[in-house]
Amino acid sequence: MFRDPVLRRSVDGEGETMQQGDHQAHSPTQTQGHQPRIHSATNYPPHQQSRPPPSPSHTTELPPISTALHSRDTSASKYYDPTSDHGERGLARDTARYDPQHSPQTRETHTYSDARPAHSPYEKPYQSPIASSYAHQSPLQRPLSQHHHTGGMEAMSHSPVSPSVYHANRGAVQPPPANYARRPSMKDEARENRPFPLQHHLLTVTQAPPPTRADPMSLSSIMSAGTDSDPPAKAQPPASLNHDHGHLSKPPNAHFVKQEPMASPAPADLAPHDNGILHRAPYDPIHPVAPSHALQSFATPRDLPAPDEAEIEAALAHIETKQMNDLDGPGAPFEHEEWRERSLKRGLDVISGETVKRKKRRHATLTRYHDVLAAHRDYAKHSYNLEHEGDAWQQVQSQEIAEEKERKKDMQRKRRREKTIQNEEAKRAEALAKAGQADNEEEKERHLAAAQKAERKAKNTSQLLQGNAPSKDIREVTPHGPNLEGGTMSSFQASDDLGTGGKRKGNRGTGRLKKSKEQKQAEKDAAAAGQAAIDRGDDLPSIAPREEARLGSLRDRSYTEELGNGFVTSHDSSAYRNLYAQIIKDLARKDVPKVVRIKENSLSTKQSNLRKTAQLAAKEARRWQMRTNKNQKDTQARAKRGMREMLAFWKRNERDERESRKNAERQELENAKKVEAEREANRQKRKLNFLISQTELYSHFIGKKARTAEIERSTDDAETAASAPAEAEKPGIDVDGMDGNPTAKVTNFEDLDFDNDDESALNAAAMANAQHAIQEAQDRARAFNNPEGQEDDGELNFQNPSGLQNKEDWIPQPKLLNCTLKEYQLKGLNWLVNLYEQGINGILADEMGLGKTVQSISVMAYLAERYNIWGPFLVIAPASTLHNWQQEIAKFVPDLNVIPYWGTAKDRKVLRKLWDRKHVTYTRDSPFHVVVSSYQLVVQDAQYFQKMRWQYMILDEAQAIKSSNSSRWKSLLNFHSRNRLLLTGTPIQNNMQELWALLHFIMPSLFDSHDEFSEWFSKDIESHAQSNTKLNEDQLRRLHMILKPFMLRRVKKHVQKELGDKIELDVYCDLTYRQRAYYANLRNKISIMDLIEKAVGDEQDSATLMNLVMQFRKVCNHPDLFERADTWSPFTFASFAETPSFLREGQNVRVAYTTRNFIEYSLPRLIGRNGGRLEIAGPDNEKAGFRGHYLDNLFNIWSPHNMEQSAREADAHSWLRFSDLSATEVSKIAKSDLFERALETGSSPNKLGQYETLYDDENDKYEPKHSMLRIIDRKDRAPLTDLTSEGYMRNLMNVSQSAFERTGLDVIEPCAKPAAAAPPVELYCASQDVIAEKQRVFFNPAIRNALYGVSDKTEQVLLDTKSHSTALVRNTLPSPTNARTRYTHIEAPSMSRFVTDSGKLARLDALLKGLKAGDHRVLLYFQMTRMIDLMEEYLTYRNYKYCRLDGSTKLEDRRDTVADFQSDPTIFVFLLSTRAGGLGINLTSADTVIFYDSDWNPTIDSQAMDRAHRLGQTRQVTVYRLITSGTIEERIRKRALQKEEVQRVVISGGAGGAVDFNTRSRENRTKDMAMWLVDDEQAAEIEKKEAELAEAEKNAPPGKKRSKKKRVEANLDDMYHEGEGHFDESAKGSGAATPVPGTEGAPGAPGGKKGKKGLSKKAKTAKQRLAVADGEV
C-alpha cells in the first residue's frame, strides 16, 4: 500500500502518537450509540476505530462543526466542509466533493509563511470529525498573517489576527534545507510566479499541496526518529523568509483558541503557549503536554509494544541535533495526500450517516408531536361541548322566546292600527254628516277639514299597517281605501295637497290621536287575553279581510267626489280639448310613475305579509312538538313570577317601614340639634362678650399710658383739631375707678363656664386676665436684656428703660438725627417710645408718604442717644426698598452702622461673621448696629436670625405677613425680639382676617385664641360694606377701642397742609370692533348654566374661572395679547448668503447680489471660451469679424451708406427727409437696443412738443414739414405740465398726479399681493470669461448712473470741480407707485392700526399728547408684563422717552432706573408693574399717575399712586384710571370700592357711605369671579340657584350632605402678579406679598401634614395657570 518505508513507519506510529498524547486535531463531534451530539470538543470520549489514519504533525485550524447549523445563502456556489460542518461561499471553486482524480491536498496548508494566505479565515485549531476530545495545537504554531488574501474565495467571517501576533510568531517557522529535493506537484510551475500561491481552504482541489516539513518537536517525529533509513543532509543556513531579520531569533507566541459552539470570531483573551520547548538543552527530558480529560479515556492499542526509555532519550537527542523533520524526506508529501483523502472520505461517510439518523429522529419527533396535539385537540373539543352545550341550548330557547314576544308585539300593533283606522273612519263619517247638516259655510268648511284630517290619518295608519310609511311623493293622489287583498285601485283622481290646509306646528308630524284611559285599558285586556290564549295553546282567531271597511271606504270616497262643484263644459270646445290634453300629459308625467310606485309598495307589502303568514304557519306546524314541555315550563315560569312578585311586595313593605322609622328618628335628631344650636349660640355670645370685655380692659389700661387717641387726633390743622370730638370714647363696660387687683386670680379661657357663670364673674375674670397680660408684657420687656440673671442696679445696665414709665412731658428730637422732624412725626416718636416703655408692640399705619421710615429711624436714634441702646436692630423690608433703607439710615443717623444683608449665600456667610452672639450689650464701637434684609432672605436664613436677640424688629410694608398661614409669618413669629413694630400704609387690604393676623403677630398672648372674635367682626363689617345694611354702632365702637392702643394712623390731609389732595379720574373707554369680536367669542364659549353650576359649587372650579377672567381682561387691554400681527412677505424662491461668523466679515457686511435662484441654467464651457461665439474676437476665433463686416454692413439695409443712396434715388428710405433724422442717427437707432433708445429719448429735449403749447388752435397749428412723421413727439403732452409750477393752471395741467396724491392712492394698501418672489435665473458656466462678462453687464457704469444717478460722493466731486450741469446724470428710474411699500413687497404691521385696535390705547394716546404738551411726567402702571412689552413699542413709535421697572428687573438696575427718572427731566413716561413699582420708592418728580388696568385690591393701587403723592411733591397729582365700559373691568372696580369701604369703616370709624353695593354674599371667591362674568339677570339666576342649593342641602339627611373639602388655591392677585415685586439678587421671584399657598407650612401643601396625596390633576401652580391664561400653553 505504501511505496516508502518511512510512510509505513508513520502509519504504524499512529497508535503510539495517540498513546503519548500527541497534539492531533480532532473534530468537535463524535458518533457514539448512533446519536450525534454537537458540543464542545472536551466533553466526549474519542471515537473508537480499528485503524486510525495517519495524520501530519501540524494541524489546520478550522471552525467547529456547530457552524453547519447556520443557514446558508444559496445565491452563489456553496462549499460545504464535511470535517467542520462549515459552509463557505466561493467565487471560483468547484463542488466540494471527494474526488480521487483531483490532485491531493494536504492539511498542512499554512506551514510556511510564504504558503499561508494573507488573511486566514480560520483562527481555531483543526479538529477531526471522528474523535474530538480536546483542542490543541502544535508547539510550533503556524504564522499568522495581517494581509487579506487575493485568492478566488471570499474572506471568512472570523476576525483577523492582529499584526503584532503575526509578526511575533513568524520567527518560529524554519524553511526547508537548500539541498532538499521534494516531489513537484501538478501546479508548481503555475505557482512559482504568484506571491501567494496557496489557498487557505481545506477542500480547494484546484491547487497543488505546498511543501510540508515535520515538526521536530512532535511525538510522531520522535517515535520515528530511530528507524529512519536515510540520514538527513547536513543542515544549511536557513533562508530568511521575512524582511525583518530581527524576528527570526524571537520565540514564537502560540495561542490557544477557546473552542466555541458556533462559528464566531476568535476571542481576544488567548492564553500564551509554552515557548521554552524550542530553547531546551540538547539532552533535557521533554515533559509531554498534559492532555484534556477526554484524552484520558483513550484506549491504548494492545498490539503496540511499550517504548524503551533509553531509545526515546537517544531519539530526542538525535532530533534536537537534526534540522528537519521526517516529512522532509522523499515520498512524504504523497503519503500525506493519501492520508488527507482518506480523512476526507471518512468525514463524508460520517456526515452522511449522521444526516440519515437526523432525518429519522426528526420524522419520529414530528409524528409524536402530531399524535399528542391530536389527542389534545379531541379532548379540548369534547370538554368544550360538555361545558357550553347547556348555554347554547338556553340561548336558542331565549331567541325563540324573544321572537315569540316580538310576534305578539306585532300582532298588538296591528290590532291597534286597525282600531285606529276604524275610529278615524267613524270620525270622518260623523264629520261629513255634520257638514251636510251645517247651517253656514264656515261651519261646513270646518267639518270638511276635520273629515279630511281623519281621512289622512286613516290613510297613514293603513300604510303603516301595510308595512310602508306614507311618502311625500304620492300626496297629490287621492287617498285610497284599505285594499286588504293587496294591489291598488284602478281609479284615482288628482287632488290638491291635503297638507296645505293649515300650517303645522313645529317640525313634528300629526301622529295618532291620544287614546283615552278606557281605550288603553281595553287594548291591554285584549292583549292579555291573546297572550293567555297563546299560553294555553289555543288556536288564534283567523284574520279575515274586512269587506265592510273596504266598501265603506269606497262609498265615502264617492261621496267626497260628489261634494265637488260640478262644472259643465262642452266637449267640442277647444278649452275642453286643451284641458283634456293637459290632463293626459300630467297623468303620463306625474301620476303614472306614482301609481307604479304605489303598486310596487303594495306588492312588497303583500309579499311581506305572505312571508310572515308562512312563518306563522310553520311555527304552528311545529307547535305539537313543544306541547309536551310547554306546560311544565309555563308552570315553572308562573311560579317563579309569583315568587318574585311576593318578594318584591315584602321588600317594598319593609323599605317603607324602614324609611318611616328613619324619618321619625331624623326629626327627633333635628329637634335635638336645634335645641343644642340655640344653647351653643347663647354660649358663644357670652364667650365673645367675655373676649371683647377682656380686650377692652387691656386696651383701656394701655391707652392711658400710650395716649394713642390724643396723638392721633393731633394735627397741624387747627380747624380739624377743633372739629374733633371732645369727649373720649367710653368702653363697653364701666371701668371708671377700676384699677383692678394685680393679685387677682387668673382664669384660663378653657376653664370658664359660660353656661352657668353670671356676668359679674365673667367681668371680674376679664379684668384679671387683662391686668395679667399687661404685667406679663412688661415683665418680658424688662427681662429681655437680663437672660442670665444680671442685677438691675449697676452702672453698665443701660438697656432697661423703666425710668421712662412715669415721664409726662414729650421727649425732644434725638440729636443723632440729622434732620428736623415735623410735629406729627415727633408725636409719632413719642407714641413709639411709650410703647417701648410698656413692652408693647404696635402698628404705625400712617398713610403712604408721611415718613414712617424716618419715625422708625428716630426711635433707634433715641434709644442709642438717651439709653445707650445701640442694638441690635433688625429691619425687614421688601427687596425693592432695601437700598432706600440703607441710604436713609446712613443719611439721617450716620453713627449707626448698617449691614446690608443681601447678596449670594457666600456673601451672606461673610456678613454673619460680624454678628456677636456672646455679648448682649452693643456700644457705639460695635461692628454693626442695624441689619437690613428682605423677607425672603430672612426666611431663608431663619436659623441664623433666630439665634440672635434683637432689641427692636421693624417690619416695613407689613402687609407682606397678612396671611397667618404663610411660612413667612410663622418664621418671623419665632424671632427673639424685645419689641416689634409694623409699618404699613394699608393695614386692611381685603378682609378683617388680615388685620387680625397683624394683631396676633404683635400681641400673641392677647390675640391668640380669638378666632371666633375675628369671625364675628369680619362677618358683620364686610356684610355691611356689601349690602349697605345698618352696622351695629356698639360693635364698631368697641372694635375701635380695641385697635386704638396698638395702631396709630394719620392721613395726609390732616397733617400736611402744603400737600394738596390728589385728583382721581375714571376714564371710560369703548371696545373697538376687534375687541368686541374677541369679547363676543369668549362670551359665546361660556355656557351660562355651566357657569351657574361652577358658581354655586365648591372651589375646585376656581382655576377655570380664573382663566376666564384673565382672558376677558386681556381683551380689554389689547387684542394683540392673543395674537400679534406678523410681518408679511411673499415666498422667496431663493437661497441667501450664509456665514459661519459675522465677526469674520468685518464691520460692514455687503449683502447685495447675494441671493441666488434655485433654478440654474448651465451654459457649456465651449460658449464661454474663446471661439465659442462667432461675434467675439479671440486668438482661437478667426471669423470674429464676419458679423460686423457682412451682416452689419453689407447685408444691413440700415447702414448709412445704403440709406443715403436709397434716399437720393427716391427708394425705400426717401421718408428720411420728413423724420428730422439723418442716416447716421437712424443707423445708430437700428443698432441700439431698447434700453439705449429709451435713455436717448429720455435725455433729449422734446422741442416738437413745445410747439403744441404755443400753437394749440385747431385752425392755426404749426406742423414743420421736416418733422411730419414725428407724430409721437408732436403729440406729447409732457411739456404742458411744465408751463407753470403754481396756481390753478398747474392743477389743471396735472390733474392725474394731483388726484392720485390727494385721494391717497399712493399710500393705500394694494389690493393684491404677490405670492412669491425670486431673483433672476442664475447662469452658470465654468469659465472665467463668462463671469467677467456678467459683471460687466450687471455693473455697467453708464446704465447704473442712468438708472440710479450718481452717488453722493461723485456728485460732491462734480460740484467741487464746478463741472457743467449736463455732467450730472439724473435718476431715470421711475418712482414707485406706492410710497409705503416702494419697491419691496414686505409689509410690516401698521403701528397706527396697533393704536386704534385697542380702545384703551387710543384713549391713552390722546391723553399722553396733552400731558406731553403740558410738560407733565407720567407714571404708567400695568398688571401684565406682556402689556408693558406692547407699550414699549408704542412709546418708541411716538418717540417718547421712557424707562421701565417690573418684577424681572434686577436690584441694582432698579436703583439706577429710579435715580435716572428722578434726575433726568427728559424722561416722559415711567413704565411700572403695580406690584413691583408700588412699594417704598420715591417718584415725586412725576405728577401724573395712569392705571392702564386696575388691581382688584384697591390698596395696591393706593400704594402705587402714593409713589408720586408723598412728601416732597410740589405739584398737583392727578390719577387717571382707564376702565373699559360694559366689560368685566367695571364689576372689578365695583368690588374694589367695596373693599375700600371696609377700610374706611374699620380704620376711620365712619358710617356706611352712599355706595351702590349689590346684595351679593361674599362667602367664596369662586362665586365672585362668576359674578364678574355675567350680567344682572344672570347674576339673579346664580343667586336663585344658590338659594335652592342651600335649601336642598339644609333639608338633606346628615349622611347625604356632600363634604366640602377645604382647598386652598392661589387667588387672582397671586396669579396675576406671579413673578412681580421680587427683587432678589439672583433676579428670581421671592414670593408674592401674599404668600402663595403650597409653600412650606401652608395647609394643603404637598409636604404639609394634610397634603399627603399632593395636588390633583386639575391643581396647577400659579405660574402654570398664568401661562394658560396668557395663551402660551
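Every residue gets a Cβ built from N, Cα and C, even glycine.
Packing around Lys852 (ATP binding site) is summarised by its Cβ count: 24 other Cβ atoms lie within 10 angstroms of its Cβ, all protein chains included. Taken from Swiss-Prot, the feature ATP binding site applies to Asp846, Glu847, Met848, Gly849, Leu850, Gly851, Lys852, Thr853.
Per Swiss-Prot, compositional bias 'Basic residues' is recorded for 502-515 (among others).
Annotation source Swiss-Prot lists compositional bias 'Basic residues' at 1649-1663 (among others).
Residues annotated as domain 'DBINO' in Swiss-Prot, with sequence analysis given as evidence: 583-708.
Annotation comment: Swiss-Prot describes 833-1005 as domain 'Helicase ATP-binding'. Mean pLDDT of the predicted structure over the domain 'Helicase ATP-binding' (833-1005): 84.
Sequence annotations record features per position, and here Swiss-Prot assigns domain 'Helicase C-terminal' to 1403-1563.
Sequence annotations record features per position, and here Swiss-Prot assigns region 'Disordered' to 1-194 (among others).
Here Swiss-Prot flags 206-248 (among others) as region 'Disordered'.
The annotation region 'Disordered' is assigned in Swiss-Prot to 401-544 (among others).
Summarising the annotation, Swiss-Prot assigns region 'Disordered' to 654-682 (among others).
Marked as region 'Disordered' by Swiss-Prot: 709-739 (among others).
Among the features that Swiss-Prot reports, region 'Disordered' is placed at 1589-1673 (among others).
Annotation comment: Swiss-Prot describes 956-959 as motif 'DEAQ box'.
Same-chain residues with CB within 8 A of the center of the Asp846, Glu847, Met848, Gly849, Leu850, Gly851, Lys852, Thr853 CB atoms, the ATP site residues themselves not counted, are Gly985, Arg1510, Leu1511. Close to Gly851 (ATP binding site) in the fold, though at least 6 residues off in sequence, lie Lys822, Gln825, Leu1511, each with a CB less than 8 Å from its CB. Helix first, then strand, then coil: DSSP counts for the motif 'DEAQ box' (956-959) stand at 2 helix, 1 strand, 1 coil. When DSSP labels each residue, the region 'Disordered' (654-682) comes out as 29 helix, 0 strand, 0 coil, counted as helix, strand and coil in that order. The Cβ of Gly849 (ATP binding site) has 21 neighbouring Cβ atoms from other residues within 10 Å, across all protein chains displayed. In this view, the densest Cβ surroundings among the binding-site residues Met848, Leu850 belong to Leu850, judged by other Cβ atoms lying within 10 Å.
Long-range Cβ neighbours of Asp846 (ATP binding site) (same chain, at least 6 residues apart, Cβ-Cβ under 8 Å): Gly828, Lys852, Gln855, Gly985, Leu1048, Arg1049, Arg1050, Val1051. DSSP assigns Gly849 (ATP binding site) to coil in the three-state reduction, placing it in neither a helix nor a strand.
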